[in-house]
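Listed in Swiss-Prot for this protein:
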{"type": "ACT_SITE", "residues": "ASP343", "note": "active site"}
{"type": "ACT_SITE", "residues": "HIS376", "note": "active site"}
{"type": "BINDING", "residues": "ARG248, ASP377", "note": "substrate binding site"}
{"type": "COMPBIAS", "residues": "7-26", "note": "compositional bias 'Low complexity'"}
{"type": "DOMAIN", "residues": "74-383", "note": "domain 'AB hydrolase-1'"}
{"type": "REGION", "residues": "1-31", "note": "region 'Disordered'"}
{"type": "SITE", "residues": "ARG345", "note": "site 'Important for acyl-CoA specificity'"}
Amino acid sequence: MTELQVDPAASADPAAAADTPRHPAATLPPDSVGLVVPERMHFAEPLPLRNGSQLVGYDLMVETYGTLNAERSNAVLICHALNASHHVAGVHAEGEVGWWDNMVGPGKPVDTNRFFVIGVNNLGSCFGSTGPMSPHPQTGQPYGARFPVVTVEDWVNAQARVADRFGIRQFAAVMGGSLGGMQALAWSLMYPERVRHCVVVASTPKLSAQNIAFNEVARSAILSDPDFHGGDYYAHNVKPKRGLRVARMIGHITYLSDEDMAEKFGRELKAEDIRFSFDVEFQVESYLRYQGDKFAEYFDANTYLLITRALDYFDPALAYEGSLTRAVAHTRASYLVVSFTTDWRFAPARSRELVKALLDNKRPVTYGEIDAPHGHDAFLLEDARYHALVRAYYERIAQEIGA
């Protein structure tokens, strides 16, 4: 573990607190990276954004695991998905375990005995990096609706500045699942000389019309909440929880497979018999309401709007008349692409589309399609075949760089 300069104002990750187990530091398993403390990195230089504006002065929350070698060649960047953060692995003092702790740690597929792993919380998030909840430099009040719309490309440019701070010229690998996979892909396109390997898990080179539609319905639920106040609800000391609940319920349905939902809930009733009401009747309804309530307590509505819109906008083929083959022609990285058979949010066909474009350009690609019942969320879960594939790939990287 590298020593970090700690900002006492850095908060724990509520996403991890809500969705992952807690472990008192004294009972941590031996394959944990242990107790971790995030670092707040401040950047004074303005960051040009894709929308033509710029962000003047911003913070990024960062966590690191493992040790950066003398050559600075063993660094791995982990990019997070919608509601995750910089807290990838290990445990915070409050007991929150990192969102990909089963993947990153000593002896794990991404082995911190060999690699220096970095997690960065993206701009616009609500877990410490500059976002809608942060004070606007001119007013001192939260940005709210004035926070600029950001894109995957903006996040990658910000992450590149983190790499510069560490003196990392090239990552051994950039890795992510779902939206994190889009960032990993974008890294290989925007900074081809800085990415040795690109690991894209349960992701897609662009959203389908159906996925954009899901995001629009979720955003509409938030925007129509009377407590939204045009995005400036902080001043009213309220939160659009009703909209956030519905948005999360919609999203959560897409993260699970039909098989998984059938096995977990089926048509099981909450009570012994139907009650002929519009209250909760089925266990699956109870589960969705629970997930919605939990999410609304810790997540920020403006952040949800920003991140789902960034998902919508990502389409590297757009600048090449829709040709993904042309879009990836200048990449230099080797790739590992992983999909899951029951993932209908980002179906295997989308991963195969990326693989084909890379093969058309004679890029080295390893592709794994894992037969797993858990839908899109499978990328977060511990599956022996999935982890064996990732472990073998990182073993190859370690041998290449002598880690």
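The backbone N, Cα and C atoms fix where each Cβ goes, glycine too.
This view paints the features noted in Swiss-Prot onto the structure.
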{"residue": "ARG248", "record": "substrate binding site", "Cβ neighbours (10 Å)": "23"}
{"residue": "ASP343", "record": "active site", "Cβ neighbours (10 Å)": "28"}
{"residue": "ARG345", "record": "site 'Important for acyl-CoA specificity'", "Cβ neighbours (10 Å)": "24"}
{"residue": "HIS376", "record": "active site", "Cβ neighbours (10 Å)": "23"}
{"residue": "ASP377", "record": "substrate binding site", "Cβ neighbours (10 Å)": "21"}
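Across the structure, HIS376 (active site) and ASP343 (active site) are spaced 4 Å apart at their Cα atoms. Under DSSP, ASP343 (active site) is assigned to coil, being neither helix nor strand in the three-state scheme.
Calculated from their C-alpha atoms, the gap between ASP377 (substrate binding site) and ASP343 (active site) amounts to 8 Å.
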